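Features of the protein shown, as given by TrEMBL:
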| type | residues | note |
| --- | --- | --- |
| TRANSMEM | 32-53 | transmembrane segment |
| DOMAIN | 248-326 | domain 'Sulfatase N-terminal' |
| DOMAIN | 464-938 | domain 'GPI ethanolamine phosphate transferase 1 C-terminal' |
| TRANSMEM | 474-497 | transmembrane segment |
| TRANSMEM | 546-563 | transmembrane segment |
| TRANSMEM | 584-603 | transmembrane segment |
| TRANSMEM | 609-626 | transmembrane segment |
| TRANSMEM | 663-682 | transmembrane segment |
| TRANSMEM | 703-724 | transmembrane segment |
| TRANSMEM | 736-755 | transmembrane segment |
| TRANSMEM | 760-780 | transmembrane segment |
| TRANSMEM | 840-859 | transmembrane segment |
| TRANSMEM | 879-900 | transmembrane segment |
| TRANSMEM | 912-933 | transmembrane segment |
Amino acid sequence: MGLSEGILGVKGESVKAEAPRRRLWLKRRERWLVILGVVLHAVYMLSIFDIYFKTPIVHGMDPVKPRFKAPAKRLVLLVADGLRADKFFEPDREGNYRAPFLRSIIKEKGKWGVSHARPPTESRPGHVAIIAGFYEDPSAVTKGWKANPVEFDSVFNQSKHTFSYGSPDIVPIFCGALPHSTWKSYPHEFEDFATDASFLDEWTFDQFQSLLNRSKEEPELKKLLLQDNLVVFLHLLGCDSNGHAHRPYSSIYLNNVKVVDHIAERVYSILEDYYKDNRTAYIFTADHGMSDKGSHGDGHRSNTDTPLVVWGAGVNYPKPISGRNHSDHAVRFVDEHVHDMPTPVDWGLKGIERMDVNQADIAPLMSTLLGMPCPVNSVGSLPLGYIDMTEAEKLEAVLANTKQIFNQFLRKSQIKQSSSLYFKPFKPLANYSSMLEQIEYLISIKDYKAAMTVSEELRSLALQGLHYFQTYDWLMLMSAVTLGYIGWMVYILLHVLQSYTTFAENVLMKKQAVQKRSYTGNVLFFGCLLMGLISILLFVEHSPPLYHAYMAMTVFLWTRIVGEHQFIKPLWRHISGKKFNYMSQLFAACLVSLIILELLVNSFTNRKLYTWCFLLVGVIAPFYLFKSMPWRSGIPIFVCISCWYLSFFTLMPAEIPDNNELVIASGAVIVLIGAASRWVDLRSQGNKNWLSICKCGVEKSRFSILFYVQEFLVGIAVVMVSLTTSHRTEKRELHALHQLINWSVAGFSMALPLFSECSLLSRLTSIFLGFAPTFLLLSIGYEALFYAALGVVLMAWILFENTLLHLTKVKNSSASMRNTDDRVTIQNGHRYLQLSDMRIPLTFMVLFNVAFFGTGNFASIASFEISSVYRFITVFSPFLMAALLIFKLFIPFMLVICVFSAITKLHRLPRLGCYFLVILFSDVMTIHFFFLVRNTGSWMEIGNSISHFGIMSAQVVFVLLLFALTNVFTKDIQTRPPSLYSQKAV
C-alpha cells in the first residue's frame, strides 16, 4: 500500500487554508476526548463492585422457630484453625493415630466426615460459614476480612448466651458486639511464629476451665452456664500458626494435632462431669486446611478438606457403611469436589459410614441440635445423617431450615419487586404457596417421606432463587457497561478516521456541513430525552447513583456516534464498495490484531506466551527483511538474536531471586550495548539503511563528551552495587556517603539525556544509558539483564521500522515522492495513517506488556522485593520505599514509550493518533478482563482478576502520563527529511 493511501485506502488533498483552524479544532477535541476517556474508565471501573461484589445479605426476615424439642441444652464448638483432614485422620510413621480420643468418638459415639470449605480458604470466611451459615460477604473485599461490612446473624446471636475464647482476629468478630456473650482473647503479641504455638490452644482451654471453676463460687455465672441454648466456642489457633511457621508435615504441626485432640478430650471430660445430664452436643472441625508450603487461600484439597466429628446429645451413633449409594448427587461440593469420594485406606475408617458436608451446613446442624432458629442469612442445608431424631422431628428440622432459606428468597423478591417497574419473578417458585400447603397436608396425614422430598425440593429451588436475585441486575449492568466500552472504541475509531486519515476530506462534501449541524442537534435532543427517560426509570426503581452514571455514559457515547451519521454512511458505502483484495487485507489486519490482543490477555496468567511470541517473531521478522535486503547488512541477524535473547526472561520466576553477580554483569552488557550503538551512529552515515536515524546535522555537538560521561556513570553504578551489597550481606551499616553517591549518580544520569545529540539513535542511546544507573542500583537479580535485553529489542524495532521506511522510499522516484509528501501531510510534517501503520501501536502494546512482567508480576505487588531499595534508603520509610519501587517499574515503560515516540517521528505519524489506537486496543483487552473478574475462588484469584481489569482500565491515564513525561526527552529528536534521504537512496 502506498504512502498516498489513508487507513481506508483513499487518496486526498490537504486544505492548506484551513490548517490553522483544523489544528485548533483537533486540539480542543482531543483534550475533551482524553477527559472523557478518564471519566468513562473511572466510572466503569467501579461497575465491578455493583456487579460482582454486592452483598448477598438481606435484612428484615423473622427467624423460623422450629416445631420440635431441642435434643441438646448446650453445644460446644471446637475449631482447630488450619487443621488438614488428612493430617488429622492419617497415622504417623509408627502407625499410631494422632487423635486417639476423637477416633474413639468416631468408632463408638458419634458421626464423622469431611467438611468442604469454599475458597477463599481463609480464617474469617471459614468461621463465617461455620457459625453464620453463608459464604463470606464479597463486600468484605474492601475490609480485608477484619471488620463486618454488613452485620449478619449467627448461631451465637440466636443463643441465650455464648462463651468464647481464642484468637483476637476471630473471637471479636462474632462476640465483640454481642451483648449476651462472655469472651476473651489473648494479645496479638502471643502469636509468635518463632515458637511452638500450641501454647495458644492450652491458653484457650485454661480460660474455659477457669470459667467452670469460678462458676462454683459465682452464682450468677453458674446460672448462665445452666441455661438452655448455651454455646461454647473454643478457637484453637495453634495448628494454623505452626503450619505457617514450620509447614504441616513438621513434627511441631503434627504434635499440635495431638494437642487439640487432648483438649477435646479434656473439654468433654470436665463438661460431662460438670453437668451430668448427657444434654451436651459437641462439634469438632476446622475452618480451612494448610498447603505443604505452609499457606492457604486457594481451592486445593489440602486447603478445602477439613475434619468434622460430631457427638453427644441428639447425634447419631456410628453405622457401618450401607449399600446405599449417592450417585444421584448432581451437584459438587462448594470446593468443586465430587460426592462419595473414597476414604483413604490408611485412615482406618473404611468400614464406618462417612457423611461429608459443605462447611455452611454446620450452622443449621448446630441450630437443630439446640432447637434454635437457623441464622437468617444461612444458605446451609441440614445434614440429616448426623441427627438422631424421630422421622417427624427430622422433617420439622428440614422444614425449618427450608423456610429460613425460603424467607430470604421472599425478602429479596419483595425488595426487588417493590422497586422494579417491570419485575421478572423467579418462575420455578411461582407456585410456592401450593408447595407449602402440600407439605403441611402431607405432615397432617403423616406421609413424612413425601413431605421430606417436597421440602428438600423447595429448599433447592429457594437457593437457586437467591442466586437469581443476587444476579438480577447483571444482564442490564453488564450490557450497559459493555455497550459503553464498545461505544467508546467506535467513537475513538471514528475520531482517528476523521482526523488522521484522508477519508474525511475526500468523501464528505462541504455542503454537508450545514445539514450535519442540524442533524447533530436533533440527535443530541433525542439523546438527552432518552437519558432523561432512563434516569426517571432508574429513580423510580431506587437504583444506586452509579447506575445513572453507567447509563449516562453509554447513552452519551452512542448519541455522539449517531450524531456522526453523515460521516458513517459514506464510510460504510466506501468499505462495502471496495474490491475483495482490499477487504481481505482489512479483515486480515483486524484478525491479526485480535489474536495478538487475546495473546496479551492470556499472558497475564501465563507469561510463557511471550517466550513463544518472541521466538516466532525472531524467525518471521528477519525472514521478511531478508527478502529485500542481504544478510550481510547484519540487521536481519540482529533482529533474530535480540528477540530470542528477550524470550528467556518470561520463563524466569516472577519473584526475583537475589543475584548480585548478574546485576554487575548486566552493567557490563549495558556499557557494551551503548558502545555498539555509538559506533553505529558515528560510522554508518554513508549506509543507506541507517541514513534516517543517525546524526542529522553536519555540525559537531557541543556535548560530544557526554557519551563517555554516561558510560562512566554506569560503571560507577556497578561499583556501588557491588560495594553496597557486600555491606548488606556482611550486616554492616550502609554509610551516608554511599547513599549520597547513589542518589547523585541516579539523579545526575537521568538529566544527561536532555543534553545529548538530537539524532534519533544518539538521543535514544543516551536515554538508555541515562536510566541504566538508576535501574542497576534498584536491581537485585535478573531484572537488570532484562533491562539490557529490552534495550536491544527496542533497537531491533527501530532498525526494522527504519528498514521498512527505506524499502518503501526506494520504490518511488524523487518527484513522485515529493508529490506524495504534499498529498499526505496533515500538519507539522505529519502524514496520514495507513492500514499498515496498525503494526506500530500493536508492537507497542506487546512490548509495553512485556515491560509489565520483566521486573516482576506487575499485577501482584507481593512479587516485588523491598530489598531492592536498600541502596538508597535503609531506614523504614514506606512512602519513599514505595515511590522508589514504582519508579523502578516505570523505567522499562518509559524506554518503550520513548522508542514508540521516536518511531512515530521516523514515519512522520501523528503521535496522538497512535495513542488513540493504543487506547482502542487496550479497551479490547479491558472488555475481556471485565468478563474475567471473579467473586469466587481464592483471595489471590479474586484480587488478581480485579487488578488485571484495573490495570487495563487505567492505561488511558497511565500511558498518557508517561507520554507527557517522556516527551521531555523525545520532543527534540530529529530525523533526516524524507526528500533528502529518498534522493540519496535512489
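Note that Cβ sites are derived from N, Cα and C of the backbone, with glycine treated the same way.
Automatic, uncurated: that is what TrEMBL annotation is.
A mean pLDDT of 80 is what the model gives for the domain 'GPI ethanolamine phosphate transferase 1 C-terminal' (464-938). Of the Cβ pairs linking the transmembrane segment (663-682) with the transmembrane segment (879-900) and spaced 6 or more residues apart, fewer than 3 are under 8 Å, so the two regions do not touch.
Taking Cβ pairs closer than 8 Å, the transmembrane segment (703-724) reaches residues 660, 663-664, 667-668, 670-671, 674-675, 678, 734, 738, 741-742, 745-746, 748-749, 752, 755-757, 765-766, 769-770, 772-774, 776-777, 779, 870-871 in its own chain, all 6 or more past its ends.
At the 8 Å Cβ threshold, with sequence separation of at least 6, the transmembrane segment (32-53) comes into contact with the transmembrane segment (546-563) through 3 or more pairs. Same-chain residues lying 6 or more positions outside the transmembrane segment (584-603) and placing a CB less than 8 Å from one of its CB atoms are 1, 575, 578, 609-610, 613, 835, 838, 842, 845-846, 849, 853, 921, 924-925, 928-929, 932. The list of residues near the transmembrane segment (609-626) in space but at least 6 beyond its ends in sequence, with Cβ under 8 angstroms from a Cβ of it, reads 599, 602-603, 635-637, 639-644, 646-648, 650-651, 793, 796, 800, 803, 846, 849-850, 853. A contact between the transmembrane segment (760-780) and the transmembrane segment (474-497) is absent, since fewer than 3 of their C-beta pairs, 6 or more residues apart, lie under 8 Å. Segment contact is absent for the transmembrane segment (474-497) and the transmembrane segment (879-900), given fewer than three CB pairs below 8 angstroms at sequence separation of 6 or more. Non-local neighbours of the transmembrane segment (879-900) in the same chain are 764, 767-768, 771, 774-775, 778-779, 786-787, 790-791, 794, 797-798, 840, 844, 847-848, 851, 854-856, 858, 864, 866, 868-869, 872-873, 914, 959, 962-963, 965-966, 969-970; each lies 6+ residues outside the stretch with a CB under 8 Å from one of its CB atoms. Non-local neighbours of the transmembrane segment (736-755) in the same chain are 703, 706, 709-710, 713-714, 716-717, 720, 723-724, 727, 763, 766-767, 769-774, 777, 871-874, 968-969; each lies 6+ residues outside the stretch with a CB under 8 Å from one of its CB atoms.
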